[in-house]
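In TrEMBL this protein carries:
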- 293-315: transmembrane segment (TRANSMEM)
- 359-386: transmembrane segment (TRANSMEM)
- 392-417: transmembrane segment (TRANSMEM)
- 429-455: transmembrane segment (TRANSMEM)
- 467-488: transmembrane segment (TRANSMEM)
- 516-542: transmembrane segment (TRANSMEM)
- 548-571: transmembrane segment (TRANSMEM)
- 583-603: transmembrane segment (TRANSMEM)
- 623-653: transmembrane segment (TRANSMEM)
C-alpha cells in the first residue's frame, strides 16, 4: 500500500514537471482573470469605477458629475461582496476603443453648467478626486513628474487648480495609450483561475484565441478649451484633429457658470513585449524591499532574545527545581514544602477560576476565529490566489472564511468553558456570545460610520440590501456553525488540571509597581515586529496603493505569533514567581496590548502621514475603521498569548507533586 502511494506521488510530480517544463508551455499564471484576445477593429468598451480621493476617503459615483453618459444608458457591472463593502461602483462608459485603430474622437458637449454643477466640480477638483477607468480589467495608469521624480498613479484627476490662482480647470481631453501583445495561441499557454473560473488554452483553440492581448493601459489627461459652436455640430465618435495638450491657461477649459464643456479623447495602440501573465507587474512593483527585510531581521532579533529567556526558564530554572524536588525523599519534600517560594507556592491557586470567565472564553473563541481567518487568507494570498485583478476577492474570502470558522470558535470557547467550570452548563449562552461578540461590535461601528456616509451621499455607504445579506450570512451560516462547534466542545473530553485548587484563595503579596504596567509594556515587543509592515498596509488602504507583498506579510505574521507566544509565557512566569496566581487575563493582555500601540500608531499616521486628509467626517471614518482593526488584533494576539500561557502553566505544574 505504501509503495502504491509513493508511486502515485512520483507520477503526479513527474506529470507536473513535464507540463511546466514543456516547450509548448510558455507561461504559468495562477492569479488574475481569464485572458481576452481581440481581433483588429473589434470594439472594446472602457468602464468607470467610483471616484476616490486620499483627502476625504469618501468615494463617489462617476456620474455624480456632469460627464458624458453612454447612449445605451448607465449599467452597473456585477460586483462581489468585497467590492460593495469597499465602495466600488463599476459602470459602463461612453469611451469606446477599436483594437489597433488609432483615433481622435469627439464624445459630447454638456449643457451650460449651472451653479450646483460648478460648485460640485470645484469641490471634487480641490479635494483631489481621481477618476478610475478600467479597460480589460486593467486600471488606467498615469505618470507624473514630481520634483524630477517619475511617479506612477492610477486614475486621473477631475480637474486642477494652478498655483497662485483661484480658478479651477476641468480635465476634458484624455490621451490613452493601450499596450498590446500579439498572441498566436500555439500550444498550452495559460492555466488560469480568476473571475471566469479555470481555463486551459491549447493548440486546438489557436484560431479561436489568436489576436491581441491588452497588457497595459495608460492615460495622459489635459484640459482643452474648444469652440462651442463647432463642437455642437459634431456627433458622438466623429473624428477630430489630434490635440496637443496646451500648457497655457487661456487655452484650458475653466470651470465656470454658463460654460459648456466638450469632452474628447484619443487612443494610440502600441505593441509591447509584455506578456499577458506579466501585465500586472507594472502596478505591483514592490518598493522598499530593504525596509521589509530590515523589519524581518529586527523581528528575528526580538524572537531570539525572548527565546533565550524562555530557554533559561525551562532548562535552567524550572527543570533544575523539579529535578531537585523529585530527588528528595518524603521527609525532605515535606520540609521543602514549608520553605517553598516563588511559583511553587501558588500550586493550589494557579487554576482557580478567573474573574469574568465567560467573557474570557468568548474572547478566546473569537480570537481563534480571527486568527484562523488571517492565517489562511495570507497563506492563499502569498501563494498568488488573491489577485488584484479580482477586485474585492481578498475581502470576500476573509468574510467567507470567518463565517465557516465559527465551528472552530464555538468548539474552543465551549471546551475552555468546560475546563474552567468543570461542567457543560450554559454552553449555549457561551456559543451565542461567541457568535455575536465581535460581529456585534463591527456591526455597531459600521452602522455609525454608514450613517455618516449616507449623509454624504457616498458610494462607500453600505446599501440596506447588503446589510440584510450580511445579516443573513451571519445568522444562517456563522451562528449555526458556532452552535455546532459548541455542541462538539461539550462532547469533547475536558482538559484535566494537574493539581487541585484550594478552597480558600491565597493572598497575593503587595508589589511596588502595578501589574498592568508590565502588561502594557509587554505589548511593545510584538508591536516592534509589526509596525514597519503596518506602515505599508496603511499606505495601501488610505493612499490608494497596491499591496501585494504577501510573502513578507506571511513571514511577519509567523514572527508576530512567535513573539506573542514568547512574551506571554515570560510575563506569566514572572507573575507566578511573585506569587500572583491571577495570570489568566494578564496572559491575554500581555500580547493583546499590542492592539493599543497599533491604534496609537494609526493616530500618529493620521496626524503625520495623512496630512492631506481633510474634515471631521474623513477623520471619523479613519478612526472608526482603525478601531475595528485594533479590536481584531487584540482578540487575535491575546488568544495566541493566552493559549500558549495555558499550555505552559499546565506543563509546568503537571510535574509538581505537592498535596
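Backbone N, Cα and C atoms are what each Cβ position is placed from, and that goes for glycine too.
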Paired segments the transmembrane segment (392-417) and the transmembrane segment (583-603) in contact, 3+ CB pairs under 8 A: no
Field: Long-range environment of the transmembrane segment (359-386) - Cβ separation under 8 angstroms, sequence gap at least 6
entry: 30-31, 193, 393-394, 397-398, 401-402, 405-406, 408-410, 412-414, 416-417, 420, 430, 433-434, 437-438, 482, 550-551, 553-554, 557, 584-585, 588, 632, 635-640, 642-643
Message: Pairs 6 or more apart in sequence, C-beta under 8 angstroms, 3 or more of them: is that satisfied by the transmembrane segment (429-455) and the transmembrane segment (623-653)?
response: yes
Stretch-level contact, the transmembrane segment (548-571) and the transmembrane segment (623-653), CB cutoff 8 A, at least 3 pairs: yes
Field: Tertiary contacts of the transmembrane segment (516-542), as residues 6+ beyond its ends and Cβ separation under 8 Å
entry: 54, 57, 288, 291-292, 294-295, 298-299, 302-303, 306, 549, 552-553, 556, 559-560, 563-564, 567-568, 571, 574, 586, 589-598, 601-602, 605, 609-610, 613, 622, 625, 637
